[in-house]
Amino acid sequence: MGQVLPLVTRQGDRIAIVSGLRTPFARQATAFHGIPAVDLGKMVVGELLARSEIPAEVIEQLVFGQVVQMPEAPNIAREIVLGTGMNVHTDAYSVSRACATSFQAVANVVESLMAGTIRAGIAGGADSSSVLPIGVSKKLARVLVDVNKARTMSQRLKLFSRLRLRDLMPVPPAVAEYSTGLRMGDTAEQMAKTYGITREQQDALAHRSHQRAAQAWSDGKLKEEVMTAFIPPYKQLLAEDNNIRGNSSLADFAKLRPAFDRKHGTVTAANSTPLTDGAAAVILMTESRAKELGLVPLGYLRSYAFTAIDVWQDMLLGPAWSTPLALERAGLTMADLTLIDMHEAFAAQTLANIQLLGSERFAREALGRAHATGEVDDSKFNVLGGSIAYGHPFAATGARMITQTLHELRRRGGGFGLVTACAAGGLGAAMVLEAE
C-alpha cells in the first residue's frame, strides 16, 4: 500500500500549470500531411510562448516526446528549442512512454521542479502518422553496411547479388507489440471478450464521445486552448480538429465491420481512436515563480502515478492500475473528483477500465486492496468527449487532456480532476489535477 505524497517543494511550493496549448488534431494524411512531428512541436511551443508573454529565458528546461521517431531528428526537444527562438542554453531532452508520453514529459519537468534544479519548464509531445520513418529489410540493411566497407566494385556487386526482389521492399513502422506481435486492436478485442463488452456498448461510447466533442467546439469551450495552425506553404489553415463527427448517428456506427477479428469481433474503426497528427504542450512552474511573474495558474498537479502489467492478456488496463495509486498519493477518493478524463484508445478498453475501477474483486485479487477504487460517475466522465473523437497523436494526448481538464475545472468553479491513460507495453499513467 502507498501513502499520501503531496507534490510540494522543500520551499512549500505547489507545482503550477500556468498554461497549455495544442494544435488542432488532424486525421492521418489530411491537413498536416507532409508536416513532420518536429515542425508540429515547434508550431505549438512557439505559439504557447508567444501567448503566455513569458520571456524565453524564464524557461529553463523543455522535455518533449515523440512516439514515432524520425531518425534525422532523434532529440525532438532540442530541435524545438533551437527552432523557436528559445535561449540556446535551455536544457532539452526527449522521452517516450508510448501513448502516455506527454504524461512522462510532465513528470520529468515536475521532478526537476521538486529537486530545485529549475523553476520553470515546458513539457509536451508531438506525433505525425502522416510522416513516417519507412525502413528497409534487415537483409538489405546488412548488405548496405557491408557495401559501405567494401573496397572494390566487384566486392560491392557480389554483395548486391545476394539480394532478392522482396529484400528491396520498403518496411513501414510496426503496428504490433514487439514482444507479443499483438496489435493494439487485438488487445482491445481480448478485453471486449474478457469483460463481456458488447458491440452496442462500444458504439454508444464512441457516439457519445463525438457528440460531446462537437458540442464542446460549438459552445466555444476549446477555442482558448487550441491554436489556429497555418499550414506550409501558408495558403491554408486548420482551426479545429477534423476527426469529430457531430452529425453521426448510432446507425452509422453499426454499419462498420470489425477491423481486427473479422469473424467474431466487435472493435471497429469507428469505436477506436484514429491515426492522427498533432502536438500539445504545457508550461509548469513552482507556485512562487508564477507569483513573481504575475501569472495566475490554470491549476496545480497534486499527484501522479505510473504502473506496468503483463502484455499478453488485456494489457490496456493502465487506468485501472494507476488511478488508485494516484488518488492515494493525492489523499483523495473517486468521490472527491469533479472530473474524470480517460484516454479512449478503444471503446472496449475504456469500458473495461471503467468496469474494473468499480470492481471489488479486481481490487482484492489484482491490486491487493481491500476495496474497489470507486464507481465512475457518468456525469463526471469525459464530459467534453475523448480521444475517439479528437484523435490521438500518441505523444500529444496527455498534454491535451491536462489542459482541457483544467480549463473545464475552472469553468465549474474549481475542484479536482483525474486524467489517466493506458499505453503500449502494458503501461499506465494517472495524474490528479487541482483548480481553484
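Yeah, the Cβs are placed from backbone N, Cα and C, and that goes for glycine too.
Annotated active site, acyl-thioester intermediate per Swiss-Prot: C99, in sequence order. The secondary structure of C99 (active site, acyl-thioester intermediate), as reduced to three states from DSSP, is extended strand.
Residues or ranges marked as active site, proton acceptor in Swiss-Prot (evidence: sequence analysis): H392 (among others). Within 10 Å of the Cβ of H392 (active site, proton acceptor) there are 26 other Cβ atoms, across all protein chains. In this structure, H392 (active site, proton acceptor) is part of a beta strand by DSSP.
All chains included, 34 other C-beta atoms sit within 10 angstroms of the C-beta of C422 (active site, proton acceptor). Residues or ranges marked as active site, proton acceptor in Swiss-Prot (evidence: sequence analysis): C422 (among others).
Under the three-state DSSP scheme, C422 (active site, proton acceptor) falls in the strand class. Listed in sequence order, V67, H343, A345, H392, F394, T397, A421, C422, A423, A424 are the same-chain residues at least 6 apart in sequence whose CB falls under 8 Å from the CB of C99 (active site, acyl-thioester intermediate).
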